[in-house]
Every structure is written in structure tokens, then in C-alpha cells.
Amino acid sequence: MAPIKRKIDAAAENARPEKKHKPSTSTQKLSVLREEEPAFPRGGASILTPLEQKQIQIQAKNDVLFEQSTGKKAAKNEFEDEENDEDMPDQPSGPVKKSKTRSKIREKKGKKNGIIEEPRVRIEGLSYKRLVPGSLVLGQISQINRYDIALSLPNNLTGYVSLTSISDTLTKRIEFLAADEEANEQDADTKVELKKLFIVGQYLRAYVTSTQEEVSTGAKGKRHIELSINPREANYGLDRADYVTNSMVQASVLSIEDHGLIMDLGTGDAGFRGFMSSKELGPNVDISNLEEGSVYLCLITGKSSNGSIIKLSVDPQKIGNVKKGNFLSSAPTVDSFLPGTAVEVLVSETEQSGIAGKVMGLLDVTADLIHSGAAASGKDLEKKYPTGSKAKGRIICTFPTADHKKLGISLQDHIVYWKPKTTASASMAETALPTEVLPVSTIVDEAKVVKVEQGTGLLMDVGVKGVRGFVHISKISDGKIETLSESTGQYKVGSSHKARIIGYNSLDGLFIVSMEPKVISQAFLRMEDVKIGQVVKGTVQKILVNETGVNGIIVKIAEGVTGLVPEVHLADIHLQHPEKKFKEGSSVTARVLSTIPEKRQIRLTLKKTLVNSDAEPWTSYENLEPGLQAPGTLINILPSGAVVQFYGSVRGFLPVSKMSESFIQDPKQHFRIGQVVNVHIVSVDSTDEQMIVSCKDPSVFGIAQQEAFDSLNSGATVVGSVTEKTSEEIVVELDPSELKAIVPIEHLADGSAQKCQSLAKRIRVGQILKDLMVLSKQEAKHLVRLTSKPSLIKAAKDGKLMKAFEDVVVGSEVRGFVQNITSTGVFVQFAGDLTGLLLKRHVPDEAALLPDFGMRRNQSISPWILSIDHGQKRFLLTMKALTDLKESESKKTEAANSNGMQLSNPIDEVSTSIEDFTLGKLTKAKITSIKETQMNVQLADSVQGRIDVSEVFDNWEEVNDRKSPLKKFRTKQVLPVRILGMHDSRNHRFLPITHRGKAPVFELTAKPSNQTSRDLDILTIDKVEVGSLWLAFVNNVADDCIWVNLSPNVRGRIRAMDVSDDVSQLNDLSKNFPVGSVLRAKVLKVNVENNRLDLSARSDGSSASLTLKDLSKNMVLPGRITKVTERQIMVQLSESLSAPIHLVDLADDYSKADPTTYEKNQTIRVWIKDIDVPNKKIMLSARPSKVLSSSLPVKDADVESISQLEVNDIRRGFVKSVANNGIFISLASNVTAFIRVSDLSDAFLKDWKSDFEIDQMVEGKIIAVDPLLNHVQMTLKKSHLDKDYKPPFTFSDVKVGQVITGKVRKVEDFGVFIVVDDSANVSGLCHRTKMSDQLGANPKKLYEEGDAVKAKVLNINKEKKQISFGLKASYFAKSSKRESEAAINASDSEDSSIEVASASDGSIGEEDRMGVGALLAPREDRFSDHEVNIDDVQDMDSDVEMDNGGLALSQEDLKASSTTNNLPGLSTGGFDWTGGMSAADDRDAQSETDAEASQSKRKKRRKAEIRIDKTGDLDANGPQSTADFERLLLGQPNSSVLWLSYMALQLQLSEVGRAREIAERALKTINIREEIEKMNVWIGLLNLENTYGSDESLNDVFKRACQYNDSQETHERLISIYIQSGRHSNADDLFQATIKKHGKSPDLYLNYAKFLMTTLGAADRARALLPRAMQSLPPHTHLALTSKFAQLEFTSANGDPERGRTLFETLLAQWPKRLDLCNVLLDLEIKQGDREVVRRLFERVTGTGSALKPRKARFFFKKWLDYEEKEGDARSQERVKALAAEYVGTRGKAGEVE
């Protein structure tokens, strides 16, 4: 073993002189360790270590050199300790000279004897002064708070560990979870609970990070010690080689594996870890309860072969087993000795104040009075630990400031053996913690002084064996005490005093005691001493005021203990001015409402009704029971009731029916929040912490009356005395329950009304009425209704009175009374409020003509049961032909009995008569047919039976096919069976064997177990136990559940959420769990009274029983959608839990977050994101990355806290709200960002609110994050988002003569203000004189706010930053020289009597432009969504004709482009594309040229002759020349019709290039806001290039058109052009490119499919588009698109109708309630002409299983009848009418269907 390497100060080595001298004679060093065996004997028998020998040599050299140079004796060296008196104020510091003299004497004596004494180790303990940053100390957890941990340190010190000083893993968790103050509070409670990570009493090694005094005014500063238990700091100084066996190391849980824990040692080396097996956790520790980030002080038990894995243990028994060698006996360096490590100490010195010793011969350790054990035991240390003896101890602290390395140790048993300190108590059979025997705050009447520490304090016996108390000198008296003496004075040893326990240090094993009278007399020392419901006295410390006034006061009830009185608890009434009643310093008496020690909160009340109440406070649900009374405070008032708060967390609900004896409609009118009400408990559930209370007088209807009321059953006979009599009823009091009941007068007899009135007159108050029968009860009103009708009483005695729906049997005669009479029938009531309907047609014929059918209310009646509706629990009655019915039934019964007595061809060949088939008989049966849920069998000829599927299999393993269990059987197979009873085939009920009807059907069992058992045990619902497992066979499938059979007569329900663990199977229950399939189910709840059975087929039980406590974060659960809105979906997790999923939690890509894609009752997986237990809220997420796989791509990551956001992040979110100062964006469910108005856009937005709406998705950049204020700020400016962004137009960019576009900002009488587009709000004024070429232009008539204009910059005033614009058309016209001269001439000719009309006078009107625009975009309404409808391609030829590929305008449309009806010079078919002109055209053109020439010659004349105005010809004939078009375009530059006509004129002249130039000029001239006009010109240019240009020129124009227009619309327009011109291959290629680029439009796929199937005849290619579209399009478009593809199969000549039917069947199977699909399919089938197919489809739609509503049924029946009238005959029409009548009869909705 390598020797210990001791770290030597480098200064000692450097102090050697360069010159060598002769060494002095060697001296021997006397050591007290001479009797100790050397720790490392190898290398010689010297008892000195090599380090000690080296130190002696160095010191000897230094002494010789010093004596030779100075002639004096050498001074003390650095290895001799000088006494440090800073922590011992009682030791005098004056006689320094004496100390030197003693040193010299010792030195002389040593030299004389040739021995140098070893430096003395000072015995000292840990104190606040010696505790410095960097110290390591052993601590024990004494308290776990919300945000920190309190550690008990040696010598009555306490340190605190914050959340971020525990471990790196936990710090990362906190940084991930905590975003702001609210989130921190919530996360600390629900996500990072320190109580789950640590336990009180746990030992930990702590690293001191800081020590400071919190100075307060006028008082001594409170010392505060900050600690860290992070392994990175707690293991400070350890190298990889220092981790040796039996040393203690601190480690944090890095991950939890199946067989143990991966531990982080804090080294930062990922390849050096610790591992702790699950067996090393110690007893009573479950690995599943551990969490990552928790910290443990572990014992190193070994290493892996390569040394990279350290084996650890936290088993207290193993760590404390120091007697068997679990202590550190050898180490490579002294750094391995850290607090917590057990060592063996060689005692070198023993004093009364402690001991000193060495570990391994050279490491100094000390134990003070407390940790040497002397304080607790009182034994003499010199006797217990003599010098030279060895003892086991444990290191508890380090002394970094000591001259030599020295450690503090403890010899106390509870620290050495690693266990909590316990003590024996007379009142407890076993050992207990000292605080359990003597709790904190306890007053000890006689505390005996056992030891006096001068200047420090007293050690006292407080009556607990083995545990002493310590009183600091400052806590002995209220005054100051200078000195203490053991033998004299008031506090000498043996004196007794009254003291109080104020604390306990678990590490020291000492009580902290105070003898101050003010502490002893104090009511409460700490908040834990205050009990809920206790009456306390205090003084008003502070009055809390907010904007509404006083909202509470702070009351001081003890020193350091205060409580809050809320505003509602200031008084019994509402105080207008509370500040006048409560003054600071005034005394008050209060009662404690609740305490929360974790939050340091106490709530008090000053209400006199609560403070002075003698009732026992309700502080816990466990101690409450019905009937108890107490006052409570209303904290919430609802329409259905109010919430009453008591003490602690106890609350009760006060229903509105329990508020008063009288009726209360609105509780807020009678009660107010804060009001105190006296209530009594009606019911209480301590498990769910729910309670119902009542304000009603309990003496009126108490517990005894309630029990008596519950015991009353319908049909029971009672006795009562008359207490009140009215004209309509008699009130009686039942004997002996004293319940109130009423007897209607009509119920006194069966006879007439006069007879009942006569009997009523004879009855007197106080009279005893016998033979009264209970008819019904009303729970809400505690009302009992009685009857005295003999007929009903006799029926009850005979057992024939119907009390429940199960008693209704078809054909039986029953006794009842008339409840109500209507025009259509009579309602007959029986016992238990059971009511049947007697329709008018079932009343005797003679009575049907009488008023009210000859009946009266409450009249006795004896009808027969006609029919039963089990689904809705209704039944019909009849009173017709009762005698005939009885006779016919009796005859049928006799005939059946006579014919059925003898059996023919019995299957078992043994039975001879039907009477042989008795209960339990073993026989044989032959299978006749096999259904999903039963097998129909034959016992003999005409003797039928059935075997329910639940009576075939004994266990799960026998079922081969889970979906069809009966598949293995075949018809005519003979089975051994056993008779169970009879089966009512009409009502599907299981009956006893005695109920044999006219055609008996036997209920049989084929279970192997029933064939061999002696006794036949028929299963009933009362035999089913909760928790038992059964085979459940599906009987019916509903939307939210499936009904299953456990046996023929036991039926149960399984909620849809509990059918399977596989959520994917829950969306289609009928497919995955068909009728007849089998499940293995567990019983959840049994209700025998209501015959209800709830089961679950999930392996983990039922989701219905899930509560908030069962949920935890990150769980993945199935949920059922209960509601779908545009903003969220509501998901139900259980019967009591539901929560919404917002847009941000629906998808990982916000663009796919669409709640409408979900459907109600759909089952989905959800991930629990967070749980807010106090507010009972759950946050769910349906993100695929959370519920399916974390490896799925995430485009919009979930943001759990603001700390995840960083500045410059690009995030998407949804608009949450639009405020006046900006918009709020929801980035996540709990993270909201704010965007100021100035950050919405780079450009000025006047009406910015109209650009944003709630739930709109936006993308922006984070520009500010403030976690403290919970603020996130974003921007939507493109300058922040787009890298290629061009800065907006500024004032400095404006140049004179520049042409700009803008919008009119404001219109005034003197002009308009214009804002330049894409500018930084640059605006200017266009004066009215610069607005139009016409004089006197009115700005308000020409322009409105928001109009888009093109203006020219005329002038700029840079000083005032003003811009002058011009809007005149002449500023922008590029007219010819002739036109310029004409303009000059016009300006000079001011005196002309006839002026030339302006271009606007003869311009083409707005309606004409719209007409031509519609011409170029055929049927524009069909392309409103940028789509091409292929059906309309053929029709476009009528509007836009392609003649040789060119653009042709029809004559009608050209007429619309002019103000006249004729257009000479144009062909009737449109423009003449050949370029030829008629003679009239030549003449007109020539005359126009001559006129212009003559005008030019006369232009210089000042006064012109009167000229002929030819603009009239222009209006009459339309534009016929270039000049005409140019003149018209000056007035209407935005008219696409004019430009296209101009292009057509050039094409007539074969000027293709000129036509292109005109098109380009039009695109530059037309205003940018005229998008439709520009698009028309682009279409014309595309047509031109398609006809006259090349593919290259067409492609260039097409690319430019896509840049300036909507790309998808441009693609579709060119496709239309290709199809019209017959270029189908080009259209096909462009279709494919368009789908790749714009594949999110369903109509694009449909149009392409129509083109492929109809035009190209490529049906296979068209069909292949559908699956491709399904992958690209959102789910909500799939239904409509699939339907249209299916229609295409019918309508296209190349389609396959059979394929279309298959697609429709698939849709109907998935959406069975979409009747519109059925209607579409019907129309298509009718066009196909197959009558049988059409009729089958009609029958399917209107069949009984379709559940059609009356309105829908009327539509389909009428449509069917219309079809039969056209295609069928009279017989088929009658059949439709018969089916419609059958529907009406089945539904019972007369008049609903014609």
C-alpha cells in the first residue's frame, strides 16, 4: 500500500538556503504514538513516518543556519501550534511573555533530554466563526420547506439548502419548468416536491457557500448559513483515486433503471459514474418512488474491474455496521477523509471538554464536549477514552482555517451507527424520537442543571432519558448574565428551573431550551403550535388597503406569529369603514380558520357568530357524520346552491332545496357571500371529501324520519291519523314514524265521485285510518301519497299490483287509476309512479264517443297490457274485447297443452313428454341455426330451445375465435345441454321454468362445468361481486358503450373508454367488437336495486373511476371527445374528469391544428401536460410527438415556460385576443406574447384590427423576454423576419418628377392627402388644381379615403418635410407629337366657342368594363377560389372563341364596350385576325388623318375657326384607329377592354409586335389595385403568345404572370387556354406541375381527374390521384373529395359505376349518419337506370335500422314515391306507401310522415 501523501506548503521548500552547511546532530522525537502499531511498517521499523523525518531534517537545517547567522536560538517553527484564542473569550490574552518563557523552558528541557515534543492539538468544536465558505460539514435534514431544506449542523447550527444547490439534474428540471413567479409557485407544488426527494432525518454532506448576518434595525443580526449538497461541491477535492472502499461519497440520482440507480458523483466525467443496486436502498424503500435529482450520502462498497463504476449503498444497517469493518482504514491521500466517513481514532489526549486523537497515525481529529458523548451521558471522558485507546467515530466537519489539517469527529452512537437518536419512554412501549416524547414548545416545570459551561450556557436534564437540554447564556434570563458558576449562584449544578423547549438539534441529540420568562409565558412559539378552530387573542398589526378600500387586517397573536383576517371575516355584517373600528395596536379576539405552515399562512375570523360559537369546529371530514350542526361561511353562491366553508379544508355544498322550507328561485336574492349560516350535515363522504349540508330545521325531518321514509315501499300497508282535511285531500300522520302523507279524496273508494265525497265528510281530524296503502314517494319533498281504494289494496295483497316496469307482462290484467285524460288517450297510473298509455282506439267503442271517454281523474280502472317497448320503458293498455281475449287465450292454452304433452322424435331418445323437461335436467339438443349471440336448438319436434353464447364456454382459453365464438359449431350438431328455464321470445326475457307459454322455448346451457356439477347455480346480478372477472359477450353496440351478457339474465355495460387498452380500436366499436364477440371484463360496480352492472375490459381497471389524484404528469390516456368547437375540443377522461385541448396543443405543426377535423364521441390519445390540483384543472395535449412517438418531427415546439424562449427566436402562434394597444398571441397553453401596434407591420396600418382575428395563425420574432414579469414581446414586421427585406420608402428617397403609387389618406376641400405605398408613412398633399386636367375639380367627388392612386412628385420642401403631388392624367401620358400639339392648341384656344369633349365623356363605362372582364374570365363566379372547373372548359367557346389560336371577342361583347350598338370596321365574328380592313375603314382613317393635318396647319392661329367636333362620331362608331384608342385611354387608362380591343386592332393589321407592346404598356399603365383588369390583359397576352408566339416566349410571359398575379390562378388560366387550343399534352404537364406547387386545393385534384378521365380517357391515372390527394390534403376535405371522385365514376364516359358504388359504400360505412351521401348516390343510381339497385338503396335508407328522423324520412319516402310514379307501377307505389305507414306506426309519430 502506498503511503499517504501529505500536502506540504511550498514555502517551506523554497526557504532552504542555497549554501550547504554541515547538518546538526540528529535528535530523537518523542511521540505519544510509540505504542501504536505502525500503519505502514514496510521499509523499516521506524515509528516515524517519512514525512515526519523530512520535516525534522528541514527544521534542523533551518535552526543551524539561524544560530550561525544570528547567534540566537531558533524561534518556533510553522509546525508548532500557537494557541488561537479568538473563540475562547474567557481565556486571558495578556501574559504573552509568560507563554514565551514556557516555550523556552520546554525547549531547553527538550534539548537537555534530547527530545523535541510534538505540537499540541487544540480540542475544539464547530462554531459559526470557524464555519467559513469551503467548509464541509455533516448535516441531518430537520425540515423540508417548499423552496429549501433545513439541515441540522453540529453545535446547534442550522443551514439551508436552496432548490438550485441540490444537484445539477434537479437544477435542469427547475430551469425547464419555472418560467415566472406564478409558474414557480405552481411547479414547486406540483412538479418539484422536495418532500418526494428527501426525508426528515436523512444524513447529507454539505458544502458551505456563504455565511452572513441578516442585520435588522435595533436588534442583533440573525446568522444565516447557505449550504450546497450538490455532489460537485460536496465531494470537493476528491480525485478519481480517492474513491476507495468504506469511504462516504455524495451522489445524485442520474437515472432510474430496472435493477438500480445510475448515480452522478459530481466529477464531470461521463465515464466515471456510480451504481446503486435496488437491494442497497435499505428496507422500506421502493425504487419506483424515487425521482431523478435526489441526493444521497452513500457508502462505497466496491469498484468495477476497470474502476469506472463505483458501487454504492445507502442501507443504514450497512453504513452503521462499523464494528465489522465498514470504516475507512486505508486511503491513498488524506482527501478521502470527508464528513460522513467512519474512522478508527487513536486517542492522544483527553480532557473534560473533549478528546483529541489521530487517524492512521498522522491525521489530527478532535471531538468537543457534545460530540464526545460527555454532554449526553455525563460520564468521565478520561475513564471512557483513556490516552492510547482506540474508538470508532465519524467525521462531521473540516477546519479549513486551521494551520494543520484537522477534522472534527463525533463519537455519539446515533451518528457513528447511522441512525436517528431515540429514547425510551414510560408511555411508549418502544423507543421513540425525543421530539415525540417531549414536543417542541413544551414547558418543563423542573429542569435540572447537570453541567455549567462558563461563558457558554447550561446543560440540563429535561426528563428525557439519554437526551439533555442546552440553554445558551443569552436564553437563561430576560436580562443579561455575566458569569456562570458550577458551585455557586442561582444556576449552579443541581438547581432546578422552569424551562421551555424551543427546538431540537437531531445531529447533536440535544434539546434547545430557554429559561426566559417572556418565552415561557408566550402563547405560541411557532406557527405549528396554532391549532385550527382555536380562539386566540391578538393585536392589530397592520391594515391592508387596496383600490377598493380595506381588504383585510394582519393580527399579531404571538411574537413572530401573525395571521390574516380577510375582508369578509372582519364582522358578521359588511363594514362600510373598517378602518374606524380597527386601529393598529387594538386588541381583538379571533378564531383560527386555517393554517398552512408550508406557506407560513394563518387565516383568522373576527365574526362574533364564529368566535363565540360553542359548536365543535369541523376541521376534518373523518370526524363528521350526518346530523351534526355547526355554523359556516358562504364563500360562493351558485344558481343550484352555495358553497359553505368551515375550518381548514372542510367545505360543504348547500343545495338550493336545502336552503329554506319555502321555495327559493335565486339564492343570491336571499344570501350573500361572507354570510354565516347554521347548517347540519345531510351526508358526508370522507374519502372523496364531499359533504351536503342543509339549513332546514333538522327536527322537522331528522335522521329517524329519513330512515322511516326510506323504509316505506310502494304497496305497503300503513296506518295513520288524520291531521288536516281539505276539499281535495286528507293529510295524515303515519304511525309510528310520524311522517306526513296525503290521501286524495278520489282515492277513498273505487266507486263514483259522490261516494268518495260522502266518505270524506264522515272523516274527522284525529280519526285513525287503517288499510292505507303507499302509492308513491317524492324524495325531494319527503311526500308520501296513499290510497284507500279496495281494488288496489286487494291487488297488492294478491301480488298483482304493478310497482316497477319489470312487473309489466303482456296480456295480463292489471289494476290502476286514471292519472290524466287527453284528446288522444288516457294515462293510467299504478304504484311507484308507473304509468301506461290507453290510446283512444283501444277504448271501448261506446266510451270513445263520450266526453273524456266517460272517465274521470283518479277513477279505478282494470285494463289489459297490450304491448311493451323495452327500449324506452313504455307500454300500451287496452280495454277492448276483454272477454273474447280471455276465451281465446284459454282455448289456445288448452290446445297447446293437449297437443304438446307428448313428444315426437326427442333428440335424447329418452324423454316422452314435455313435462319431462324440468329445471336442471340433462338432455341433448340439435343445432338448427347459429346466430351471433345464440344457437337455436331443437329438443324434439315442435319443441325449441336456445343456448345463449354466455352458456357455452367456461373459461377464456376455450374461445378460439374472439370475434365469433360460435363459429366452431355447425348446424345439425348434437350437444349435451342442461335446462335452465324458459325464454320469453317476444320480450327477450329469462323466465323461471314455471312460466310455460303457448309455444315454450327452453333456456339451455352447454357449459362443460354445468354438465358435471350436481347443483345448478343460475347466475343472478346479486351474486356478482365487485372485482370479479367474467367472460362478457357483446349483445349491443352503442355510441358511448357496449352492452354485454354474463348470462342470459345478467346484462352489463362497458363504457367505450373501458372496452380495450388499444385506443385505436375504440373509434369503431361495431367493427372491432361486433355483436357476439367475447371480452374478459372486470366488475366495477353492482347496483342490484336498479339492476345495473358496470364492467371494464381494460387491464388497469376503469377510466371511469379516475380522479385527479390518480393522474400524474406525462401520463398518456385515452379520452373521448364530447364537444368540438373552432377553438378547442373537450375531452372526457372519466365520468368526473374532462378538460379542453387548445389549438396550440392539437398538433406539432400549427398549420395543421384544426379542431373541426375531430368528431364528437371520437376516441383519441391525450398526454397530461400539467395538473393544477388546487384549481382542479388539467392541461392536455394531443400532439403526436407526445402521444405517439417523441421522434416524430415537431415544427412548432411546445413551450412549457418562458425560460425556453430566447430573443430572436422565430415562433408561430394563434391570436388570443385583440386589444386597443396590440394583440396577444398564444404561443403555448401557458405562454402568451404581446405584440404592440407599432410592431404589427413595417407599413402604416390605419384599420389594423381588421387584419387580425382570434385564432388566426401568425409568425413573429421574439424581441424581449422578462421571466420575472412574465412578459414576452414579439414583432410581426417583415424587416425582422425576412432576410431579403427591403427597407420602406422614406422621405429622403423622394425625388422631384418621381411617379409613385399610394392611397388616399384624407380628403379635404382643397385637395387630398396621399400616403406612399411601402413607405415609412411618407405622405403629401395633392392640391385640387393639380388633381385633374379639367378646371374646378371637386376632390370629394373624385376621391374617397382608401382609394389607390398614382401620383407624380411636383415639389419637395425638405425643411418642412412637405411633398406636393400631382394627379393629372397629362403627367403620365406618353402622347405623340400630334397629341402634344393638340394639347397646346387647346390651351391657347381659350376663346373657342366649341370645346373638344374630354376623353372621359366618351369613355367606356364601368359596366362595360365588367362585361369584357367577364368575357376574358369566362364565368368568373366559378373561379372565385382560384380554381379551374373542367366541366366549363367546353362552354368557354361560346364566350371566348379561339380562331386560329388568337383572341376573339364576340359581337355582343364588343357592343358592350361602346356606348352605341354598332361597331363599323369589325367583323361580325369579332376582330378580323387577317388584318384586312374594309373600305369604310380606309375612308374613316383617311378623313381622320386629313382632319388632323388641317388642325396642325391652323394651330398657330390665335382665334380658330369653328371646327366640327368629331367625338360624336367616336361615340357612335367606337374607336376605329390608333388615335381613337389613344384618346379613349387617356380618360380610362384602367379599362382592360380598351387595351384588349387595341391589341385586336393591331392583330387585324398583322402587327403582332405592336400588339405585344400595347399589352406591355397596358400592364404598366393600369393601376395596381385593378387586379382583375391586369389579369385580363395577362390572359390576352398569354392567348397571343399561345397563338402567334413560340413556347419560349409563352413560357417567359407565363413566368412573369405568375410573379405579378396569383400563381395558382395563373396556372389554371393557362391550363384552360391549352385545353381550348387542343394542346392536351401541355395541359397535362402543367396540371402535374400545378399539383406539385399548389397541392392544397381539393378542386385542383378534381379538375385534373376530370381532365384525365373525360378528355384524355386515362381513367387509371385519374383514380391514382385520389390516394395522392388524401396524403396531401387536410382530413376534413377527404369526405367531399372522395364523394366527387365517386360521382366522376358515374358521370364520366370512361368511368366505372361499380367503382363509384364501392367508394360510396366506404364513405357510408365510415359516416353512416351522412344522409346527403345517400341522396347523392340515389341520384346517380337513378340516372344509371337500374331499378332494382335503386329500390334496394331506397329500402336501405328507409329501413328500420336506419334511425331516420321524421323530416328526413318524409323526404326519402316522397322521393321514392316520385320515382315509382315515373318508373314503377301501381303495385310498387302501394308498397312505398305501406312502408311509410309502417314507419309512422313504429315511431308513434302520427302526422310526421305524409
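Here the Cβ of each residue, glycine as well, is placed from N, Cα and C on the backbone.
Look at TrEMBL and you will find 1-48 (among others) tagged as region 'Disordered'.
The annotation compositional bias 'Basic and acidic residues' is assigned in TrEMBL to 1-10.
Sequence annotations record features per position, and here TrEMBL assigns region 'Disordered' to 62-113 (among others).
Taken from TrEMBL, the feature compositional bias 'Acidic residues' covers 79-89.
Marked as compositional bias 'Basic residues' by TrEMBL: 97-112.
Over the domain 'S1 motif' (134-230), the average per-residue pLDDT in this prediction is 80. The feature domain 'S1 motif' is assigned by TrEMBL to 134-230 (among others).
The domain 'S1 motif' annotation in TrEMBL covers 246-315 (among others).
For the domain 'S1 motif' (441-516), the DSSP-based tally of helix, strand and coil residues reads 3 helix, 40 strand, 33 coil. TrEMBL lists 441-516 (among others) with the feature domain 'S1 motif'.
Taken from TrEMBL, the feature domain 'S1 motif' covers 533-607 (among others). Per DSSP, the secondary structure of the domain 'S1 motif' (533-607) breaks down as 10 helix, 43 strand, 22 coil.
In the domain 'S1 motif' (627-696), the DSSP tally of helix, strand and coil residues is 6 helix, 35 strand, 29 coil. The annotation domain 'S1 motif' is assigned in TrEMBL to 627-696 (among others).
The annotation domain 'S1 motif' is assigned in TrEMBL to 715-789 (among others).
Marked as domain 'S1 motif' by TrEMBL: 811-880 (among others). The DSSP breakdown of the domain 'S1 motif' (811-880) into helical (H, G, I), extended (E, B) and coil residues amounts to 14 helix, 30 strand, 26 coil.
Taken from TrEMBL, the feature domain 'S1 motif' applies to 920-996 (among others).
The feature domain 'S1 motif' is assigned by TrEMBL to 1027-1098 (among others).
TrEMBL lists 1114-1183 (among others) with the feature domain 'S1 motif'.
Look at TrEMBL and you will find 1208-1277 (among others) tagged as domain 'S1 motif'.
Applying DSSP to the domain 'S1 motif' (1114-1183) sorts its residues as follows: 9 helix, 34 strand, 27 coil. Across the domain 'S1 motif' (1297-1368), the DSSP tally of helix, strand and coil residues reads 7 helix, 37 strand, 28 coil.
Applying DSSP to the domain 'S1 motif' (1208-1277) sorts its residues as follows: 7 helix, 37 strand, 26 coil.
Counted as Cβ pairs under 8 Å, contacts with the domain 'S1 motif' (627-696) are highest for 533-607 among 533-607, 920-996, 1027-1098.
Note: the domain 'S1 motif' (715-789) comprises 13 helix, 36 strand, 26 coil (DSSP; helix = H, G, I, strand = E, B).
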